[in-house]
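According to Swiss-Prot, the feature active site, proton acceptor maps to GLU399, an assignment based on similarity to another entry. For 159-168, 192-194, ARG303, 313-314, 372-376, 401-403, the entry in Swiss-Prot reads FAD binding site. For SER168, ASN275, GLY276, GLY277, ARG278, ARG411, the entry in Swiss-Prot reads substrate binding site. As annotated by Swiss-Prot, N6-acetyllysine applies to LYS51, LYS232. Marked as N6-succinyllysine by Swiss-Prot: LYS51, LYS272. The transit peptide feature in Swiss-Prot is assigned to 1-23.
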Amino acid sequence: MMLRGGCQRVGARLRGLRRGPRGPADGARRGVVSCIDPSMGLSEEQKEFQKVAFNFAAREMAPHMAEWDQKELFPVDTMRKAAQLGFGGVYVQTDVGGAGLSRLDTSIIFEALATGCTSTTAYMSIHNMCVWIIDRFGSEEQRHRLCPPLCTMEKFASYCLTEPGSGSDAASLMTSAVRQHDHYILNGSKAFISGGGEADIYVVMCRTGGPGPRGISCVVVEKGTPGLSFGKKEKKVGWNSQPTQAVIFEDCAVPVANRIGDEGQGFLIAMKGLNGGRINVASCSLGAAHASIVLARDYLKVRKQFGEPLANSQYLQFQLADMAARLVASRLMIRTAATALQEEREDAIVLCSMAKLFATDECFAICNQALQMHGGYGYLKDYAVQQYVRDSRVHQILEGSNEVMRMLISRSLLQE
């Protein structure tokens, strides 16, 4: 379907726990309505593309996520298959190859995909954010030149904001772009760039003017441009199916025609991109948490101690119930924020901040508790739950750390 535009291992059932879930839609196949069913409240059309995303995650991602993690493989071919379903430009306009879906639709899709591989889906969410920036703020020439190969994921994109000396204080970035005739000469470096070295298009925030946010502009730097180079591939706790490298500019000449928007508009563009990025990464946390609950539930049914299944322990039952409640609460917050962002409401920024803060904190805690329920087995890389823990941890840091989310929320309250 194309989108619119113990002590012993217990046979096959326990082997399934090692591989990870084939998709949280397993309850639906048995005719059982799960209390954590992510399709509740969705339209029939949304349920259809959600099903497509879950099936893709189960067939094309979950069987390979451990290998991608352990061998640090960037699954280019798999992502291009996902792009054939419209997942390369989910909320990009259809005239440049996007699916033209809403922010809520996007959250639904990324949650489903993240059950198959959270790390890969998170990269795809960043790629989507970059394509949206070009689609939303670029000229018609830029949109039609750059977006189509990005929507098919023939080309990949990276978002370049963070620098070695400017993380949460993004407006203090130092990468300079000095205009010389019809080019900008870039000097500086970006840190922790997802897709660094592999991506073809780098959406770069750089300083064309004075200090502060108004001196920042946005330019597209294409791979192969003289003066563009990359640092070493970082060794990370999680997110190993996507490379992370520094992006370095040394007298890198970029055509002025590659500037997105006006001079001085870059910080605004960066922040508008991040509002959606926060919803996207929080949705990836939902997928990891959902998959972890399914794994924990199934493990509790299989694993026996003191002569009976762990599922008979009321303490563990209550923990599982709390995990389910926190998952559903997170999902509701994310979907509320996604709708506000789509409608361009005044409260969208703070709702996105709240959703990102709450969901990434709670979903990481869910994944971590699911690991604890597995006991010693949860600490083995044979079992998928540990990968969901590692891959979801960084969501509390990136796209604006959760401390910054608290700053934005409190500022909004105090200004009332």
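Cβ coordinates come from backbone N, Cα and C, glycine included.
Features per Swiss-Prot, on structure.
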residue: TYR159; record: FAD binding site; CB count, 10 Å: 24
residue: THR162; record: FAD binding site; CB count, 10 Å: 18
residue: GLY165; record: FAD binding site; CB count, 10 Å: 12
residue: SER194; record: FAD binding site; CB count, 10 Å: 24
residue: LYS232; record: N6-acetyllysine; CB count, 10 Å: 9
residue: LYS272; record: N6-succinyllysine; CB count, 10 Å: 18
residue: ASN275; record: substrate binding site; CB count, 10 Å: 22
residue: GLN314; record: FAD binding site; CB count, 10 Å: 7
residue: GLU399; record: active site, proton acceptor; CB count, 10 Å: 29
residue: ARG411; record: substrate binding site; CB count, 10 Å: 11
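In this structure the C-alpha atoms belonging to LYS232 (N6-acetyllysine) and LYS272 (N6-succinyllysine) are separated by 30 Å.
LYS272 (N6-succinyllysine) sits 10 Å from ARG278 (substrate binding site), taking the Cα positions as reference. A count of other CB atoms within 10 A of each Cβ picks out ARG278 as the most crowded of the recorded positions LYS51, ARG278, HIS374. Residues SER168, ASN275, GLY276, GLY277, ARG278, ARG411, recorded as contacting substrate, have a largest CA-CA distance of 20 Å.
Using a 10 angstroms CA-CA radius around ASN275 (substrate binding site), the recorded positions that qualify from LYS51, TYR159, THR162, GLY165, GLN314, GLU399 are GLU399.
Separating the Cα atoms of ARG411 (substrate binding site) and GLU399 (active site, proton acceptor) is a whole-number distance of 18 Å. For GLY165 (FAD binding site), the spatially nearest entry among the recorded positions LYS51, GLY276, GLU399 is GLU399, judged by CA separation. Relative to ARG278 (substrate binding site), the recorded positions LYS51, TYR159, SER168, SER194, GLN314, HIS374 all have Cα atoms farther than 10 Å away. By neighbour count, meaning other C-beta atoms within 10 Å, the densest spot among the binding-site residues SER168, SER401 is SER401. GLN314 (FAD binding site) has LYS51 as its nearest neighbour among the recorded positions LYS51, GLY277, GLU399, going by CA to CA distance.
For GLY277 (substrate binding site), applying a Cβ distance below 8 Å and a minimum sequence separation of six or more within one chain yields SER125, ILE126, MET129, TYR159, GLU399. DSSP classifies GLU399 (active site, proton acceptor) as coil under the three-state reduction. The Cα atom of LYS51 (N6-acetyllysine) lies nearest to that of GLY276, taking the binding-site residues THR162, GLY276, HIS374, SER401 as the candidates. The Cβ of GLY276 (substrate binding site) lies under 8 Å from the Cβ of TYR91, ARG103, THR106, MET129, TRP132, LEU341, CYS352, each of these being in the same chain and 6 or more residues away along the sequence.
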